[in-house]
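**Student:** Take this structure, written in structure tokens, and hold onto it; I'll ask about it next.
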Amino acid sequence: MGPALRLVAQRLALGLLLLLMVSVVIFAGTMILPGDVAQSILGQSATPEALANLREELGVNDPALTRYFEWLFGVFRGDLGTALTNNQDILTSIVGRMQNTLFLAFWAALISVPLAIFLGLLAVRYRNRWPDKLISAVTLTSISIPEFLIGYVLMYFIGVQLGWAPTVATVYDGMSLGEKLHAIALPVAVLTLVVLAHMMRMTRAAILNVMQSAYVETAELKGLTMFKIIWRHAFPNSIAPIVNVVMLNLAYLVVGVVVIEVVFTYPGMGQYLVDHVAKRDIPVVQACGLIFAAVYIGLNMVADIVSILSNPRLRHPK
Amino acid sequence: MNQHLRYLSSRVLAGAMSRREFMGRAAALGLTAATASTFLSSAARAAGPRKGGTIKVGIQGGGSSDSLDPALAANATATSVSRLWGEPLVELDPQGGLWPRLAESFEASADARVWTFKIRSGVNFSNGKTMTPEDVLATMERHSGEDTKSGALGIMRGIKAMSVDGQNFIVELESPNADLPYLLTDYHLLIQPNGGKDDPAAGIGTGPYVLKTVEPGVRFVGEKNPDYWDDSLGHADTIEFIVINDDTARVAAVQSGQVDMINRVPPRTAGLVDRAPNINVRTTAGPGHYVFIMHCDTAPFDNMDLRMALKYGINRQEMVEKILFGYGSVGNDTPINSSYPLYTELEQRSYDPDKAKFHLEKSGFDGTVLLRTSDNSFPGAPDAAALFQQSCGAAGINVEIKREPNDGYWSEVWNKKPFVTSYWGGRPTQDSMFSTAYLSTADWNDTRFKNEQFDQLLYAARAELDEAKRKQMYADMSLLVHNEGGLICPMFNQFIDAVGEGVEGWVDAKTGFELNNFYAPMKMWVAA
């Protein structure tokens, strides 16, 4: 087994171990949440009898350890349980929500990642001249404004005043792809603005770093064009940090878009999680937490593996 | 001029003239936009409802954790969706009084102890089965059984026995209650096949619409039930609810025409929204009120003079202006206002630092009063608490504010701590409001008001069928709460909805919940 393969296997094992530890943390965390699921379901107008009846039925009176292992073994079998509040199977509900979240994240990534890398390359090409400064100024401004505010501003001007895109991004089965893309136009635009700067700045910094090296100078002396040097020689060598930051932002697009989902009424995982946290629906919160953790760990693992593989010393051992 | 206007509005209704053009011509005749708009909508009402089309509602208050089981309905979305597919025996008429639905008629025995409801015959559930009095009985059993989770359990508790006799459903009460039909308007009590005992969340009922899409917290679509028995309800072919919990997003959705109506416009922006050209803001004054509640049995609030000092230390008018932005009316330290059928006006208590100071000195209390509040106890509650702190300060009363988290406020703070902010949605009758929260033995006696005279009056009023006498009893009870209770009620809030111009037929309501007691989507129709 090559050292690269061994490293990858190691990462995978570590990732799984980490996930197991996260499951303990999630479970413990949800146990110490204040409030009471029965009270949250029935609201202010609940009688003590109704509360006691509901608590009994929900089985929230069992000891915590028993419930943890029951839950964990359920997860291994692919059974995330049923929601306490509406008795729906969590897995079924989550799959639909997850698809929506991934749909939004996919289109946002499809636009933002190439755009960010292209803008980064452009900024390096025109370093310290007006294109570089303009790109940095615009992207840094958009990352500095809170995302919900960007959302509201776009909603007002593009949605209400111009009427180009819908302000409510609710998507559902039975919509054609075109209709869905039209519906999510505004949230995709906001997400792109939010993640652009981070990736663009990292691309710029990483490539500039490589540009200082001797072999770039050699390439320059050979008479290669600036863009060719950046694209053929500098970019491949700075791939590791760029992939890292891209993965971090992809993870954000999946697990961190709660605010955007709420602002644009997009039926994704974030909204689903928030609704259930508010109702103290512990099994759903645990399932969402676990999935978010898995996505986060998974994407970071991909970043690790890519940077390992992009390192020639590991790919070609002596 | 009137004749000409009538001609013009008929052209609009016939689709021969655009609304905009109408407004222009009306302006040329010297009418203000508001008058012209009113004229047009009354013409639309007179022309009668149009059938067909889709009405979309942007609604606040739903989550993906909601169930379709009416027993668990606890927010605006669950309640309005259940109105699509299900019906109660009797409904509250937004104009006041009762609106018989599945009960054709009802009557009480002379002592108001036995009630007979004649159930409408020939009505089918959306699964094809015929609705029978047995289904009604089963429904009521499900909501009143020992192990029920129903939010209506409190109402059902006074029932001794229920039975079916032919087409009649008969309720025998433990003690007389002249208001039983009002209690049965409770939004949980929708008639389901076999009472929903088999599948409570199936969404099958006798309502004007049949649910086609159910995505909790996201979207609900109902299609017109072709067999529906009442022609006056349900004009659109399709009614769609889109859950939009974010205030700004909801307002933007009605502004951009993506939805036809929304509920709960924030009072802060309602004035601005109303100025938008294609939207009308509609308000409903209901029995809902915002409260500061003190436990009458816990020190220092067991001191009646301290309670009185705090009651004089609140500036009600200021709260209506600054917290409700004028969308409400001043309260008078009783949960009853003019939306109740047997209301009697009491002398208005107003802000009086001198009297507050007098009662404070008389009480001998010289410490600090701790008031707990949270964002979700009512919109603007922390601001209201700060206003209260200031107006009390002017009278020499020290109020300290403790901000509690939203999470767990209803389980850990409300009805547990001695002085908190909260809200009440109100009840259809004085009797149910008083028995829910002011009777000594009530579960939600959140002011710990225990007054023997009050309790006796409450029981006596229930059995009293002479309206004048009942009215006097309720006035006396209100006065007792007003003077001795632990309730500081600075304001009654209004429901604020916004309706786009794509739909017509709005009728102002005197009582009930938002969106015309949630019936607006079914009573309104798509404009020409």
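Note that the numbers count up from 1, one per residue, in the order the chain is shown.
Each Cβ is built from the backbone N, Cα and C atoms, and glycine gets one as well.
Feature annotation from TrEMBL assigns transmembrane segment to A:12-33, A:102-122, A:134-158, A:181-199, A:242-264, A:284-309. Marked as domain 'ABC transmembrane type-1' by TrEMBL: A:98-303.
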**Student:** Which residues of the chain, 6 or more past the ends of the transmembrane segment (A:181-199), have a CB below 8 A from one of its CBs?
**Tutor:** 103-105, 107-108, 111-113, 115-117, 119-120, 139-140, 142-143, 147, 150-151, 154-155, 158-159, 164-171, 175, 242, 245-246, 248-249, 252-253, 257, 260-261, 264, 266
**Student:** Which one of these stretches, A:12-33, A:102-122, A:284-309, has the most C-beta pairs shorter than 8 Å to the transmembrane segment (A:242-264)?
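**Tutor:** By Cβ pairs under 8 Å, A:284-309 leads among A:12-33, A:102-122, A:284-309.
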**Student:** Residue list, the transmembrane segment (A:284-309) vs rest of chain: Cβ under 8 Å, 6 or more residues beyond ends.
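**Tutor:** Same-chain residues near the transmembrane segment (A:284-309) but 6 or more away: 4, 7-8, 11-12, 15, 18-19, 22-23, 26-27, 29-30, 71, 75, 80-81, 83-85, 90-91, 93-94, 98, 239-241, 243-244, 246-248, 250-251, 254-255, 269, 272-273, 276-277, 315.
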**Student:** Report, as numbers and ranges, which residues of the same chain sit near the transmembrane segment (A:102-122): CB under 8 Å and 6 or more residues beyond its ends.
**Tutor:** 131-132, 135, 139, 171, 180-181, 184, 187-188, 191-192, 195-196, 198-204, 207, 227, 230-231, 235, 242, 246, 249-250, 253-254, 257, 266, 268
